[in-house]
């Protein structure tokens, strides 16, 4: 139909030859005489058939062009899909490669961190060993110094120490020790004198064993450290140590001291170094240099305390000062732990807390250093 349409466009038909363009379905061949009859009955009918044929050929052509356009668009879409599939495959490979590199990097970082921890533990163990050895040497040197002081004190011009001056020994004793009459070095003389002047004391090592209940309470408190005494760790220490240690004869003042210690507002200062400010009224002083304000007993008071900014001073005896100081040391240490300033192993922190509890126990029993 398209070929016939093109031929028709190239050779336009003359009037009266409609059959050459598009023959009708009913009549395959018609005589030319019938077509030339323009005024007959078949004229309008042939014109209508020609228009229908042209419309049909145009619709067929449009369909073919539309089909060809759709095929081209389909090919383009398929090509784009293939390109997108290749791009997705490439991005997937890139993602897998990045994930693998990330896993390798994470593993290497963890390995490096574990290595650093092992090295730190090794160094810490070596440092602790050196510290123990240094303390042992210090103890030995202190023993030698003590022995030397004893020899020097006991040796005077009127009664010289014969261990330091062997030439002053009697003849009989010298004859008895004739076989050992060589001159000795100073260190050997000091050791010999120490063995005679100082009675040998048995060296005892302090044994320690962790109490499972106390350690569990400390670990639970260490997870979320707080100064609230409702937790089991501080509640036990308040009942067993802090409360008895700050329980003085003057109950009202004792309660004020306890609150000031908890709030870290208590001040202890020597009496001799404090003078009343010029032009101001001296603060109220309770007790006195010869009477303790907490115990009410006649004691020589070398220190006094002030609660907060009240300006009121209270004279305290050395024993009361030792008890207050022991409690203050305990609260200072647990505040350091709460603020994250103590970076030690949990067991070491536990033993430090136990040492501070022991100081509070000794202080409440009346034991305190002579320099208080």
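Here the Cβ of each residue, glycine as well, is placed from N, Cα and C on the backbone.
When TrEMBL is compared with the stretches 80-117, 118-155, 156-193, the one noted as region 'Disordered' is 156-193. Ranges compared are 1-57, 229-285, and TrEMBL records region 'Disordered' for 1-57. When pLDDT is averaged over the domain 'GDP/GTP exchange factor Sec2 N-terminal' (66-149), the result is 90. Sorting the domain 'GDP/GTP exchange factor Sec2 N-terminal' (66-149) by DSSP state (H, G, I as helix; E, B as strand; all else coil) yields 84 helix, 0 strand, 0 coil.
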